[in-house]
């Protein structure tokens, strides 16, 4: 059983062990879908739902599943929650579901979800397990949204375009255009732009971590001197 506190679980999911920036998992949907903010939010919310549900379920049955069928059982649980997320999107956000296409069912193959189920949920009680799933999901969603906003803004010159696909007619006029006349940059909308954007985000996180580490080192007090001195003795004693 893990001895992590709630604050450690939160920090790991959001920053220190972020599934996208540190573990670098789930790259296929992350790079393919994040051309706009609304696509990123749709996939991120579906992944968050699956992470929380699968972590909770795995934690509840952790004492009843033998080692030999552990992984197949986890995959079946994850697939069940992915099916639930897929049906919900078909019912309430069908147009967005059509845009995301195969990447919703492919959540089953996201190594981050199976990894959390095996490494954490199967060894911890339900409350820490669902908290871990929530924080990992929110951390993944935050990276998706940031990358989607970067690619949409640089690639198309807009933000929050097509939000009505997720939130209905009330969000139809939420689109932001910082520049009226903006030459579209197709490179950022295509997969190579996603690689560049993700690389910049990872570099930014590593730079922040290094800066904080240097600040902590500078703030540490210098070791206190004992006041004793060593005397070097040469020659022989007769």
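Placement of Cβ uses the backbone N, Cα and C atoms for every residue, glycine included.
What Swiss-Prot records for this protein:
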| type | residues | note |
| --- | --- | --- |
| REGION | 215-238 | region 'Disordered' |
| TRANSMEM | 30-50 | transmembrane segment |
| TRANSMEM | 72-92 | transmembrane segment |
| TRANSMEM | 95-115 | transmembrane segment |
| TRANSMEM | 127-147 | transmembrane segment |
| TRANSMEM | 156-176 | transmembrane segment |
| TRANSMEM | 184-204 | transmembrane segment |
Please give the sequence-distant neighbours of the transmembrane segment (95-115): residues at least 6 beyond its ends with Cβ less than 8 Å from one of its Cβ atoms.
19, 23, 25-26, 28-29, 32-33, 38-39, 42-43, 46-47, 50-51, 54, 71, 74-75, 78-79, 82, 85-86, 89, 136, 140, 165-166
With CB pairs under 8 Å as the measure, which of the listed stretches 30-50, 72-92, 156-176 comes out on top against the transmembrane segment (184-204)?
30-50
Taking residues 6+ outside the transmembrane segment (30-50), which of them lie with a CB under 8 Å of any CB in it?
20, 78, 81-82, 84-86, 88-89, 93, 96-97, 99-100, 103-104, 107, 110, 113, 134, 137-138, 140-141, 143-145, 147-149, 151-152, 155-156, 159-163, 165-166, 189, 191, 194-195, 197-198
With a Cβ cut-off under 8 Å, give me the same-chain residues at least six positions beyond the ends of the transmembrane segment (72-92) that come close to it.
42, 46, 49-50, 53-54, 57-58, 61, 65, 100, 104-105, 107-108, 113-114, 117-118, 122
By a Cβ-Cβ criterion of under 8 Å, what residues six or more beyond either terminus of the transmembrane segment (127-147) are in contact with it?
2, 4, 6, 9-10, 12-15, 18-21, 26, 30, 33-34, 37, 40-41, 43-45, 47-56, 58-59, 112, 116, 120-121, 194, 197-198, 201
